[in-house]
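Let me begin by presenting the structure, written as structure tokens, before commenting on it.
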Amino acid sequence: MMWGSRRRTRSRWGRSGPMTRGMGAVSRAVGTAWRRSLQLRVVALTLGLSLAVILALGFVLTSQVTNRVLDVKVKAAIEQIERARTTVGGIVNGEEARSLDSSLQLARNTLTSKTDSASGAGTAGTFDAVLMVPGDGPRAATTAGPVDQVPASLRGFVKAGQASYQYATVHTDGFSGPALIVGSPASSQVANLELYLIFPLKNEQATIQLVRGTMITGGAVLLVLLAGIALLVSRQVVVPVRSASRIAERFAEGHLSERMPVRGEDDMARLAMSFNDMAESLSRQITQLEEFGNLQRRFTSDVSHELRTPLTTVRMAADLIYDHSADLDPTLARSTELMVNELDRFESLLNDLLEISRHDAGVAELSVEAVDLRSTVQSALSNVGHLAEDAGIELQVELPAEEVIAEVDTRRVERILRNLIANAIDHAEHKPVKIRMAADEDTVAVTVRDYGVGLRPGEEKLVFSRFWRADPSRVRRSGGTGLGLAISIEDARLHQGRLEAWGEPGVGSCFRLTLPLVRGHKVTTSPLPMKPIPQPSPSGGQSPSTGPQHAKDRARQREHAERSL
């Protein structure tokens, strides 16, 4: 039972206890506020430095006051003991018939009785007297007063014939606390007579405590005033900076008319004017760029529409000539075939330009229906399969055994897949192209993997640029226009999906399309890894990464790739 109780106690108040978690939360909150608030740092640093200065000054001033008060006390005590020596000498030397003990007691009573009078006490204040004649051989010491309160070190000086003083804590009938003890040899006929005066430091201690309390109170008030001053001063700087930050955020959101108010002619006013000048320049340039972009989009759209009419006429004439190409000279027949092929490519380019202009104008719309994406993949393969056959490239397809129903625009998704497969065929270098599909509860992914030339670092983003080509000298077998991947990524975004690329020179490349199964949902993960898992060489031989150990490595890589998503 006892061990169980200890375990429960550690569980409650240990590292994972509520107190520790609460302290951790407070620490994180303070750290966050310290990092994010310039005003907090300024006020805290001002208070810290001010506190250090006040403590240093307080220590110096307190030391000076203490030393001054004690110096005055010592000076008055020395004057008092000089007068006491004369009094003691007169009493001890007055009547020889009196015993030594009686003489010492009479002298002590005479000295202490004078302290009851303000005029007799002088500036040294009240005191108690101690008189002592050390013993000599069998004769015991003769004393008067609390001799046990006199420090032995002070007695050593007095025995040597020197006047001295020492601070000590005394405990007498009338006082208990710090005191100043002054000792001196007495001038009398009695040999080795020692005189000590004990001056309580009660009043001096009260004076010093009053000074310390006053300084502490004054320091606390000064700290509060300095905190308020630092807060007001820092606010004069922080408020315009915060205003500039808020206006910059609104400016970045598209509110191009936002400006900072200009007040006065100081540094903050110059900052506001510079910010407004910058905002005005950026607003003007952004407006110009928007106008140029709109003009470019209108030009592309208008040219595409205007070219469609003459293209239709030329197409009709070319088809008519092509239908009678058998009756023409072989040279003319070949020219007719080339003309028809180029017209097909030109018509495809116009269609792509029109599609791009729709995306740029934000008028592209989805025609969503619930379909089995496996049939969409098969349809895309049937459209570009002849390209693989002509190039002697094997298409390896892995599709799920069960239906993959998704709410998509079939035409756009098929166009994405068609572009990806055609692009892979163009860069496969006569090696197989692998198409895989996988789905989870929320998303579906299709990867198109080739083992051709691959991509250099940084080209994963460039491949989706318009008219971009990694190698301009490479011939497109698919007859593409250079806009296929640019349109594909726009179609993927229209579905709130993702289209990503990966590649390494000489290893190949992989394109992954990830779409939500339900329209309107966002893609956060993908059921297929981006970086392909090492596979056996497409040429038919075994790659170096074979064997049981490498199989385990591939499994770990697959797990790591899926977790990284």
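Glycine too: its Cβ is placed from the backbone N, Cα and C atoms.
Here Swiss-Prot flags 1-13 as compositional bias 'Basic residues'. Look at Swiss-Prot and you will find 1-21, 524-565 tagged as region 'Disordered'. Positions annotated as transmembrane segment by Swiss-Prot: 42-62, 213-233. If you look up Swiss-Prot, you'll see 235-287 marked as domain 'HAMP'. Taken from Swiss-Prot, the feature phosphohistidine covers H305. Annotation source Swiss-Prot lists compositional bias 'Low complexity' at 538-549. The compositional bias 'Basic and acidic residues' annotation in Swiss-Prot covers 550-565.
Within the same chain, residues 39, 42-43, 46-47, 50-51, 54-55, 58, 61-62 sit at least 6 positions outside the transmembrane segment (213-233) and bring their C-beta atoms closer than 8 Å to a C-beta of that stretch. The Cβ of the residue listed as 'phosphohistidine' has L354 as same-chain neighbours under 8 Å, each 6 or more residues away in sequence. Summarised by DSSP class, the composition of the domain 'HAMP' (235-287) is 39 helix, 0 strand, 14 coil. In this structure, the residue listed as 'phosphohistidine' is part of a helix by DSSP.
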